[in-house]
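*Asks:* OK, TrEMBL features for this one:
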type     : residues : note
DOMAIN   : 12-158   : domain 'UBC core'
ACT_SITE : Cys96    : active site, glycyl thioester intermediate
REGION   : 195-264  : region 'Disordered'
COMPBIAS : 238-253  : compositional bias 'Basic and acidic residues'
COMPBIAS : 254-264  : compositional bias 'Basic residues'
Amino acid sequence: MAMATNENLPPNVIKQLAKELKNLDETPPEGIKVGVNDDNFSIIYADIEGPAGTPYENGVFRMKLILSHDFPQSPPKGYFLTKIFHPNIATNGEICVNALKKDWNPSLGLRHVLIVIRCLLIEPFPESALNEQAGKMLLENYDEYARHARLYTGIHALKPKPKLKTGAISESTAALNVDQTNTSAKCVDQKNAVSGAAPQPLPSPLAPKPENGQDHPAAMPSLAETGVSGSTAAPATLKKEAGLNKVPADKKKIDARKKSLKRL
């Protein structure tokens with residue numbers, strides 16, 4: 001089948017799309033990066049980062065939106081190109097979300113559609129499942145669902161490009177409550193902003209134990225810690241080694257604090 005070209009879309013739609021895509025490129029929504037073929041605006045690609053606190057964390061998922069010739073009167077069709085275990089995403093990648101079906105409105109832009117799809121990773125809707133196994137599992141045994149979803153994320157998802165702020169050292173010291181409050185707050189803000197109540201993140205067996213009886217928020221496990229994919233074994237070792245270099249200094253501080261508390 002021949003690929004659709006920009007000729008399939010009316011000039012006014014192409015003009016509007018070009019404006020939207022420029023805006024998405026200059027000010028991308030959180031966790032979403034958009035790409036497009038200049039010769040064919042009818043297929044929009046996006047890389048979506050798995051939101052923090054979900055089984056999709058530490059993975060990047062590629063998807064595409066296919067615009068019909070009568071867009072924006074008809075909604076785009078959405079497909080995940082990266083394999084993902086999710087109730088509302090079929091095994092062929094098709095996405096089931098109301099924004100692309102009954103709630104579609106020609107005035108909704110691509111930004112709205114992409115944010116709604118990322119929200120779906122935070123809060124799935126098992127009642128309208130395209131992947132029945134995932135929907136049933138989510139309703140009956142969240143732990144098992146999260147384990148499956150994390151496994152798929154580790155095997156199939158692209159790895160996020162490392163950001164300067166979150167190197168191996170800051171990840172390993174998160175357990176010692178360094179920079180932890182900011183990360184947790186950001187995750188909560190994001191959930192509240194885009195989807196209201198969301199399923200609670202699965203507690204990690206590696207979550208840090210509360211120190212001195214205080215209840216600290218648990219650090220989110222990284223792929224390296226959960227060890228879901230064999231291919232991450234080498235980086236995991238490096239991360240742990242990088243983390244170990246930092247621990248003795250902080251351990252001394254904690255020991256000193258304990259001693260001063262004993263004196264009281």
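Cβ coordinates come from backbone N, Cα and C, glycine included.
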*Asks:* Would you list the DSSP helix, strand and coil counts for the residues of the domain 'UBC core' (12-158)?
*Replies:* 58 helix, 32 strand, 57 coil
*Asks:* Validating a neighbour-count step here. Other CB atoms within 10 A of the CB of the residue listed as 'active site, glycyl thioester intermediate': how many?
*Replies:* 18
*Asks:* Taking every residue in the domain 'UBC core' (12-158), what is their average pLDDT?
*Replies:* 93
